[in-house]
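Undergrad: Pulled the feature table from Swiss-Prot, pasting it below:
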ACT_SITE  Asp468  active site, proton acceptor
BINDING   Leu350, Gly351, Lys352, Gly353, Gly354, Phe355, Gly356, Glu357, Val358, Lys372  ATP binding site
DOMAIN    344-616  domain 'Protein kinase'
CARBOHYD  Asn56  N-linked glycosylation site
CARBOHYD  Asn124  N-linked glycosylation site
CARBOHYD  Asn128  N-linked glycosylation site
CARBOHYD  Asn181  N-linked glycosylation site
CARBOHYD  Asn204  N-linked glycosylation site
CARBOHYD  Asn225  N-linked glycosylation site
CARBOHYD  Asn232  N-linked glycosylation site
REGION    24-259  region 'Legume-lectin like'
SIGNAL    1-21  signal peptide
TOPO_DOM  22-289  topological domain 'Extracellular'
TOPO_DOM  311-766  topological domain 'Cytoplasmic'
TRANSMEM  290-310  transmembrane segment
Amino acid sequence: MARWLLQILIISSLHLSSVSSQQETSFVYESFLDRQNLYLDKSAIVLPSGLLQLTNASEHQMGHAFHKKPIEFSSSGPLSFSTHFVCALVPKPGFEGGHGIVFVLSPSMDFTHAESTRYLGIFNASTNGSSSYHVLAVELDTIWNPDFKDIDHNHVGIDVNSPISVAIASASYYSDMKGSNESINLLSGNPIQVWVDYEGTLLNVSVAPLEVQKPTRPLLSHPINLTELFPNRSSLFAGFSAATGTAISDQYILWWSFSIDRGSLQRLDISKLPEVPHPRAPHKKVSTLIILLPVCLAILVLAVLAGLYFRRRRKYSEVSETWEKEFDAHRFSYRSLFKATKGFSKDEFLGKGGFGEVYRGNLPQGREIAVKRVSHNGDEGVKQFVAEVVSMRCLKHRNLVPLFGYCRRKRELLLVSEYMPNGSLDEHLFDDQKPVLSWSQRLVVVKGIASALWYLHTGADQVVLHRDVKASNIMLDAEFHGRLGDFGMARFHEHGGNAATTAAVGTVGYMAPELITMGASTGTDVYAFGVFMLEVTCGRRPVEPQLQVEKRHMIKWVCECWKKDSLLDATDPRLGGKFVAEEVEMVMKLGLLCSNIVPESRPTMEQVVLYLNKNLPLPDFSPYTLGIGTFAPVLVDASSLVVSSASWSLSGPSMSSSSPNHSPYAWQSTDQPWGQTIDTKNSLHIVAEPEKPSPAVKMVTLPAEDPQSNHSSISSQRVQPVKREKRRLHQILVAFPWINKQYFKLGLPKHIVHVSLFFFLQLARL
């Protein structure tokens, strides 16, 4: 039994000896080269000079260094300790310093959960102020953080479980000689002494420059019960932490002494301290090169700036003449449009039309705009164009795209209008990626565009001819209401006058046959609107060459469906049959009526609006009426004259009365081969397209000037076209333009006049 008790005593004494060897009451680091008792973490390293570097000049770092052995505090008496260390905070040139250095007393050396920057490498947002987090820290902080109640960017504080200091003061020391506190710049890069003393329940903190003795008055003195803060006082670790953020610096510990007895701290020997490294700018030698280099650089910079200035000036250059001053209120600067469209970038590109590219833009006032860039080769007609653009700006109608103004550069015009968020109508008709418009939406668009054209023809101060009515020029606003836009070809003339233009411009399929000989008129707009109505209803383009012959031309195809009493078969299949049949038939018939090749048989836009709103019944006509369902394409390059090979006969009203047509005119044609082509410079195109095979002799019924007069029937065999007669016909039309302009005095449509002249030439040849 005694032997067994002796063994227990021996083992216990060995265990106590082991614990005593692992715990210490004091230590000193005159150099940190002996790393046996050091615990280093994160960016903390020991330099060859013996300096302990906690952080280097890198962003968002933190470093920890602890004495590896726990401190042996008394388990019964009051807790006390003293520590004295020398540190240096060296900022990187041109940067603010890091977040500072902290002396730490903690039951653990593990701070992997901590955050850098303002949390100093020992705290984080979740542990901030937690009573279960047992940490005492003395901070030398060089960043002002109002969230943590910092007083400035150069202070010393006492932290308990939180980065919010329980005691804080600007870095300074008490001078007995001056009897006042002298400030210290923590980021001076010079070594600074720090003393931390705790006895009883009072914690004192002092700082001073390296050459100054410990001040007689501490900088901070605050009561703290460390017995409550550290219930397990037998296992506490002392060390340092440092952190950086976007503010960076090198943070060093040069020397460190610690003891649980205040009087047993080892004295500092300044002569043995390692030198603190300071980053310095490279030494510059004064030489001729150094003197000339700034001069050369200055000249180069001036040259570059001058080049950029002239390039920028040329980039935003505009053309402005004296006559444009009256239009200044409607003119945009190119600079503002360039910035609004982000330099006409691809991201703002909306599309490309026949007259230019369109871009989306945002003005500084928040207004969205569409900018069309139109090229022109000279100044001829520009003044008239600008004047008409400004006049268009005065047009006010809910179904017109508002035109805000213009900008003019060399060989370029820019038209500024309101941006329509839902794009153009043709995208919703032909693009499967776009949502399908219902019939009710399409009818609203048709009615709106009809109202807009009526306004342009009769409601404005001058008659406005749009000259390019088609689905791609119809824009849809946020509510999918139709807005007529793209006035790039519009022309003005006084009410009761004629449009001062003879140029045949427009889009193939929408151009009235008389456009090339008579020029633009309200009737040519009506024709294009008729094609547009059929386009919206049928969901197809006016001419689609890839289809079968009978379906190739929309106008003819719709008329053929009407002849077969199957008009609804021509409707857009994407509607899925969801429409009002009466409305669809009315719109289709009205489209055929408006696209009649006989101009006098077309309604006015005022009548069209009344028809669409059911305020006026449609006139009595059929698919066999003269000019209904006949497609007469117009070739606008005027390089040849084309007439179909056919024979014609003239008769009086007695023949027309037996015809199913209710119009006094009947024009039948054949699907015979097209007439031969003769090349003549600046000649006009007259194209007659046959409808279906028939005998060589066909008939044209003309109105009689006198109901009592008798007209003999003139018949002939098929006569082949002859180049000479075509040339003569062209020469007659060019030499006697009054035939086109005064044809109405003869009571005959101009097409009949042209065909009659041709056949009279043929008969004369025979």
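Each Cβ is built from the backbone N, Cα and C atoms, and glycine gets one as well.
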Undergrad: Would you mind reading off the Cα separation of Asn232 (N-linked glycosylation site) from Lys352 (ATP binding site), to the nearest angstrom?
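TA: Cα-Cα distance, Asn232 (N-linked glycosylation site) to Lys352 (ATP binding site): 80 Å.
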Undergrad: Rank aside, I only need the closest one: which of the recorded positions Asn128, Asn181, Asn204, Asn225, Asp468 has its C-alpha nearest to that of Lys352 (ATP binding site)?
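TA: The answer is Asp468.
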Undergrad: Sort out the sequence-distant neighbours of Asn181 (N-linked glycosylation site) for me: same chain, 6+ apart, CB within less than 8 Å of its CB, listed by position.
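TA: When sequence neighbours closer than 6 are ignored, Asn181 (N-linked glycosylation site) has Ser172, Tyr173, Tyr174, Ser175, Leu219 within Cβ distance under 8 Å.
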Undergrad: Count the Cβ atoms, other than its own, that fall within 10 Å of the Cβ of Asn128 (N-linked glycosylation site), considering every protein chain shown.
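TA: So the number of other Cβ atoms within 10 Å of Asn128 (N-linked glycosylation site) is 15.
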Undergrad: May I ask for the distance between Asn204 (N-linked glycosylation site) and Leu350 (ATP binding site), taken between their Cα atoms and rounded to an integer number of Å?
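TA: Checking the Cα atoms of Asn204 (N-linked glycosylation site) and Leu350 (ATP binding site) gives a distance of 73 Å.
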Undergrad: Roughly how many Å lie between the Cα atoms of Asn128 (N-linked glycosylation site) and Asn56 (N-linked glycosylation site), rounded to a whole value?
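TA: Just about 26 Å between their Cα atoms.
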Undergrad: Averaging the per-residue pLDDT over the topological domain 'Cytoplasmic' (311-766), what integer do you get?
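TA: Per the prediction, mean pLDDT sits at 72 for the topological domain 'Cytoplasmic' (311-766).
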Undergrad: Suppose we draw a 10 Å sphere around the Cβ of Asn232 (N-linked glycosylation site). How many other Cβ atoms does it contain, all chains included?
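TA: Within a 10 Å radius of the Cβ of Asn232 (N-linked glycosylation site) lie 9 other Cβ atoms.
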Undergrad: Return the member of Gly356, Val358, Asp468 nearest to Asn124 (N-linked glycosylation site) in space, with distance defined Cα to Cα and candidates limited to these recorded positions.
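TA: Considering only the listed recorded positions, the nearest one is Val358.
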Undergrad: Return the member of Asn56, Asn225, Asp468 nearest to Leu350 (ATP binding site) in space, with distance defined Cα to Cα and candidates limited to these recorded positions.
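TA: Nearest by Cα distance to Leu350 (ATP binding site): Asp468.
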